[in-house]
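A short worksheet on the structure shown next.
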Amino acid sequence: MSIAKIAGVVLGSAALVAGHGYVSGAVVDGQYYSGYDMSYHYMSDPPKVIGWSTDATDLGFVDGSSYADADIICHKNAKNGAISAEIAAGKQVELQWTDWPESHKGPVITYLANCNGDCATVDKTQLEFFKIDEKGLISGSDNTWASDNLISSNNSWTVTIPSSIAAGNYVMRHEIIALHSAGNKDGAQNYPQCLNFKVTGGGSDKPEGTLGTALYKDTDPGILVNIYQTLSSYTIPGPALYSGSSSGSSSGSSGSSSAAPSATASASASATAAPVQTSTATAYQTSTAVASVTVTGSSPAQTHVQATSSSAAASTPTASSGASSGSGSSSSSSDLTDYFNSLSADELLNVIKQTLSWLVTDKIHARDISA
């Protein structure tokens with residue numbers, strides 16, 4: 001077996017074990033709201049939370065073959081969140097993900113849709129989403145993406161609710177699009193997450209939106225793209241950013257968002273203050289301050305988030321797992337083969353050792369919200 005095949009098997013297995021992520025909760029004005037924990041799927045009477053439920057218990061994705069189907073809206077067979085988190089227009093919400101694999105690089109995008117009534121009963125296929133936040137390629141020279149910023153910010157992302165939108169009930173659609181297999185048609189992996197918010201105050205804007213089933217096409221330049229080449233720019237998928245969105249509203253490690261649908265590579269920024277472990281939910285701000293927060297929900301999500309790993313394997317192109325669409329095509333296989341064959345035996349062994357160490361010994365809980 002060739003070096004490339006051996007490395008592909010090892011790193012592909014690592015991707016399967018590491019899994020993907022989902023939004024476990026949100027922090028608003030110092031208060032923690034549980035999202036939909038995957039363990040709730042097996043409960044006869046799960047807690048009422050702001051996060052929409054989903055059948056994606058394998059932490060899987062939606063690919064381009066389902067862009068016209070309802071699953072792309074809020075994930076597979078998603079059902080409405082039962083309650084809403086109240087937030088004033090102009091305020092920030094911190095969205096907390098479970099551990100996200102570094103190999104799954106791509107943009108982070110956030111939308112809102114006015115429910116025009118109760119979000120607990122709204123028909124998701126009728127929701128019209130307008131984009132309030134986006135970030136894509138950070139640096140083409142070292143292949144740094146918005147997802148890397150999210151990881152370095154303790155797997156969290158902060159979004160500002162536009163101050164100009166009208167008060168009302170909104171569904172937030174927050175999403176990472178993983179591009180590690182996107183060199184192949186339908187290889188991009190969408191991980192949409194939906195949460196309910198009651199927006200207070202604000203202005204009078206009621207932005208026009210786009211149905212969730214019309215947000216993307218599988219041939220969009222930001223969807224069908226080879227990220228294993230040096231990119232000088234990247235076009236973020238989806239409709240244009242809402243004009244009332246705050247510039248710099250999002251925060252991975254840099255705390256800025258692109259101001260147009262097309263994002264151009266810029267210098268990578270440093271990470272925020274290092275996270276700490278507590279027995280309660282913790283809001284990680286983009287400054288040195290770390291604030292304790294209270295927990296809302298009949299049962300807090302029993303989710304733990306992995307601290308950023310130093311694994312070299314996670315930052316290199318990995319062989320797609322069995323869940324990845326189009327992983328066997330010649331395009332991505334050639335890219336991976338060239339990369340692995342360029343490594344010396346010692347370098348390859350080091351990549352494998354660090355991957356196994358990350359999987360077995362280095363996993364720690366960066367947040368504990370199960371107090």
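Including glycine, each Cβ sits where the backbone N, Cα and C put it.
As the structure is a computational prediction, the values presented were derived from the model and not from experiment.
Marked as Cu(2+) binding site by Swiss-Prot: His20, His104, Tyr191. Its own atom aside, the Cβ of His20 (Cu(2+) binding site) has 22 Cβ atoms within 10 angstroms in the protein chains shown.
The Cβ of Gln189 (O2 binding site) has 24 other Cβ atoms within 10 Å, all protein chains considered. According to Swiss-Prot, the feature O2 binding site maps to His180, Gln189.
What Swiss-Prot lists as compositional bias 'Low complexity' is 307-332.
Per Swiss-Prot, the feature disulfide bond maps to Cys74-Cys194 (among others). Sequence-distant contacts (6 or more apart, same chain, Cβ under 8 Å) of Cys74 (disulfide bond) comprise Trp52, Thr54, Lys124, Val171, Arg173, Pro192, Gln193, Cys194, Gly212.
Residues or ranges marked as disulfide bond in Swiss-Prot (evidence: similarity to another entry): Cys115-Cys119 (among others). Cys115 (disulfide bond) falls outside any helix or strand according to DSSP and counts as coil.
Annotation comment: Swiss-Prot describes Asn154 as N-linked glycosylation site, evidence class sequence analysis. Over all protein chains present, the Cβ of Asn154 (N-linked glycosylation site) has 24 other Cβ atoms lying within 10 Å.
Annotation comment: Swiss-Prot describes 304-332 as region 'Disordered'.
The signal peptide annotation in Swiss-Prot covers 1-25.
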Give the number of CB atoms, excluding that of Tyr191 (Cu(2+) binding site) itself, located within 10 Å of its CB. 25
Just checking, which of Cys119, Cys194 (disulfide-bonded residues) has the fewest C-beta atoms within 10 Å of its C-beta? Cys119
Cα distance, His104 (Cu(2+) binding site) to Gln189 (O2 binding site), nearest Å? 9
Close recorded positions near His180 (O2 binding site), where close means Cα within 10 Å, chosen from His104, Asn154, Tyr191: His104
Starting from the Cβ of Cys115 (disulfide bond), draw a 10 Å sphere and report how many other Cβ atoms land inside it. 22
